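Here is the structure we will look at, set down as structure tokens.
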Amino acid sequence: MQRATITGTGSAVPDRVLTNHDLERMVDTSDEWVTTRTGIKERHIAGDGEFTSTFATRAAEGALQMAGVRADELDQIIVATVTPDFPFPATACIVQHNLNATKAAAFDISAACSGFLYGLSLADKAIRCGAASKILVIGAEVLSRIVDWTDRNTCCLFGDGAGAVVVEAREGESGILSTHIHSDGSYWELLCQRGCGNRNPATQKTLDDRLIYISMQGNEVFKLAVRAMEEVAHEALNTNNLTVADIDLFIPHQANRRIIDAIGKRLGLDGDKVYINLERYGNTSGASIPLALDEANRSGRIKKGDLLLFDAFGGGLTWGSVLLRWQS
Ligand SMILES: CC(C)(COP(=O)(O)OP(=O)(O)OC[C@H]1O[C@@H](n2cnc3c(N)ncnc32)[C@H](O)[C@@H]1OP(=O)(O)O)[C@@H](O)C(=O)NCCC(=O)NCCS
């Protein structure tokens, strides 16, 4: 049976690091508050001349090199992002041009922090039905450009970066076992960027009303995230007649240490099976899972045959899970 299998991973972050102590000089906050409420210590911030496509391209190059796949062999490039270089064309098209991936269809997905899992889900379906055999799925964000650096409620949470995977059709039992994706648009206002779409176009008023920035009701998002991420993890395991004890590594979306700890506890997962790197990157939205995956993979944390569970939640609201057996 043909399965969609991850054969290469890559990631890239800006060089510039902004610590909680740096933030103390910008807004009324403290390293102690940010660390205890979120687990985040620092985040990477894009510099002048660096865009979402910059990091997406670098992450993609790493993933292609590991997979031993040439860019011109790719059938599709999917970029999950809520901070595209432009409203259009798609950032995926810029990445296609940068890589010279001449035959790939390239498009973006807007599913916020769940975007990478939405992309993996699409890649899985395209490969299973034979429509494609080599797909690059990237999560990439430059959130620092839509963060209000005067709002202490949100500015300490987010960071920039990208992660990428090459997904290929392979015979056998390894690879993606299942994907589950969900949305509930009735909650769209809990986490959004109100300006710069066509409801609130880029006008002086939009700027003055600070609508160009991320707006979030953190408490509500927190509660909904824990519940939805637990449910969709069970959905993945039940679909495959597996249990929590079968999981070798759980890679959740890296938004808040307390959210991750709460899910781990509800699932009954051992702490050493939960991958966490948000203390160094903050919440990088669509980039967070592939960034963590690449780090875990390159550090030797993942072994052939391991069962991996990815679990995400984000604006939309959107959420999802991907269960896979590692082959590389
Ligand atoms: C944002 C978040 C860290 C806030 O933590 P919290 O424990 O819920 O804190 P609250 O929002 O209840 O705020 C408590 C107080 O801390 C203050 N506060 C907020 N940010 C602060 C900061 N950076 N430094 C110091 N104080 C801060 C608030 O103003 C509030 O003060 P008040 O009681 O005087 O009004 C938390 O809600 C969260 O992580 N939510 C999920 C966000 C998320 O992950 N979103 C992305 C999902 S994909």
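Cβ coordinates come from backbone N, Cα and C, glycine included.
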29-33, 254-258, 299-303 - the range that TrEMBL marks as region 'ACP-binding':
254-258
Write down the Cα-Cα distance for Asn283 (active site) and Cys113 (active site), rounded and given in Å.
9
Quick test of the contact rule: Cβ under 8 Å, at least six residues beyond the ends. What residues does that give for the region 'ACP-binding' (254-258)?
37-40, 113, 157, 222, 225, 276-279, 281-284, 288-289, 291-292, 313-314
Of the residues in the region 'ACP-binding' (254-258), how many are helix, strand and coil by DSSP?
2 helix, 0 strand, 3 coil
Give me the long-range Cβ neighbours of Asn283 (active site): same chain, 6+ apart, Cβ under 8 Å, in sequence order.
Ile40, Cys113, Leu143, Leu157, Phe158, Gly159, His253, Gln254, Ala255, Asn256
Run through the domain 'Beta-ketoacyl-[acyl-carrier-protein] synthase III C-terminal' (237-326) and tell me, per DSSP, how many residues are helix, strand and coil.
38 helix, 22 strand, 30 coil
